[in-house]
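Residues or ranges marked as Zn(2+) 1 binding site by Swiss-Prot on the basis of sequence analysis: 4, 7, 20, 23. Per Swiss-Prot, Zn(2+) 2 binding site is recorded for 64, 67, 92, 95, and the stated evidence type is sequence analysis. The feature zinc finger is assigned by Swiss-Prot to 4-23, 60-100.
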């Protein structure tokens, strides 16, 4: 990792050069430097919504596909890529059936 000697910003590799995105300073990359990119993703625990936790969720008018009741708890969860919309989950306040709705 190298920082620009002019503006102290982080420099990035572009081909065989190091370039400062902020001020445009360029420097030949040293052959002895090896670029290693490591990406790690942490799996987050998905909270389970049940029992007393349900009573804290907002409710809305939605027809349950199982019993036809017209009220359900709802919550949003990001299941797909960050550039895609969230998934809306519903749980019937009467029978407990859970279903989802995509935008």
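Placed from the backbone N, Cα and C atoms, the Cβ positions cover glycine too.
In this structure the alpha carbons, written CA, of residue 4 (Zn(2+) 1 binding site) and residue 64 (Zn(2+) 2 binding site) are 59 Å apart.
A distance of 58 Å separates the Cα atom of residue 64 (Zn(2+) 2 binding site) from that of residue 23 (Zn(2+) 1 binding site).
For the zinc finger (60-100), the DSSP counts in helix, strand and coil order read 0 helix, 18 strand, 23 coil.
The average pLDDT for the zinc finger (4-23) in the predicted structure is 88. Look at residue 23 (Zn(2+) 1 binding site): DSSP puts it in coil. Of the candidate binding-site residues, 67, 92, 95, the one lying closest to residue 7 (Zn(2+) 1 binding site) when CA atoms are compared is 92.
Of 67, 92, 95, all annotated as binding-site residues, the residue with the shortest Cα distance to residue 23 (Zn(2+) 1 binding site) is 92. When the binding-site residues 67, 92, 95 are ranked by how far their Cα is from the Cα of residue 20 (Zn(2+) 1 binding site), 92 comes first.
Less than 8 angstroms from the CB of residue 67 (Zn(2+) 2 binding site) sit 92, 94, 95, 97, each of them six or more residues away in the same chain.
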